[in-house]
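Before any comments, here is the structure.
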Amino acid sequence: MKEIKDMRHIIAMGFKKTGKTTLAKGLAREFNLPFLDIDDMIEEEHEKRSGEKLSFREIAKKYGYDTYFRKLEHEMLKKALNELESQGVIALGGGTAFREENRELLKNHLCVNVIGDKDSVYERIMKKGRPVFFPEGMGDREAFDYLWDMRQVVYKNLANLEVSFDGTLEEAIGEFKEKYNPNPRIISECPENELLSELL
């Protein structure tokens, strides 16, 4: 885990279907901060450019996960980090932090690794069928396990803290508070140059 210093935005990251977007929205409400979701921004930007309304999953499948989708994702991450004039909460896609160019953008922010029960996450993912980001040539569970193990290394190296989301949203927010004892006044009212390091 990294030490916290010079942090501005709260970044919720983690594997797909761990609840990072739900937690990010909850933290934004809890501390009265603006919220942005990278996957939503990708869908909106794609529709603006093409006139085509697709889910982020459909965009990746139709136009290429490692080409068009990842390029657009990087653009939306830069936009999100710059669009929020003061501190905010941003939910990443499951693979956003996996690219080095994105990690470089995120390294000075408070990155929260949202973790869930591995088997439950797998079941939630597979409800909509095999996702496009699973490696070819592997069975569903084999591909999931491979990506899970590989991505956890990346998440843990980038994260400042981990929050378990196996229970309720209130419990997950409580864990965030317990680990860093955030003061809502400091988070929501401090000048932009007084960052999350003030919480410690």
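We number each residue from 1, going along the chain as drawn.
Including glycine, each Cβ sits where the backbone N, Cα and C put it.
TrEMBL: automatically predicted annotations, no manual curation.
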Substrate site partner of D39, R70, R151 (as recorded in TrEMBL), chosen from G94, G174: G94
For K17 (ATP binding site), the number of other Cβ atoms found within 10 Å of its own Cβ: 19
Most Cβ neighbours inside 10 Å, all chains, among the binding-site residues T18, T21, T22: T18
R151 (substrate binding site): tally of other CB atoms within 10 A of its CB: 19
Other CB atoms within 10 A, centred on G94 (substrate binding site): 21
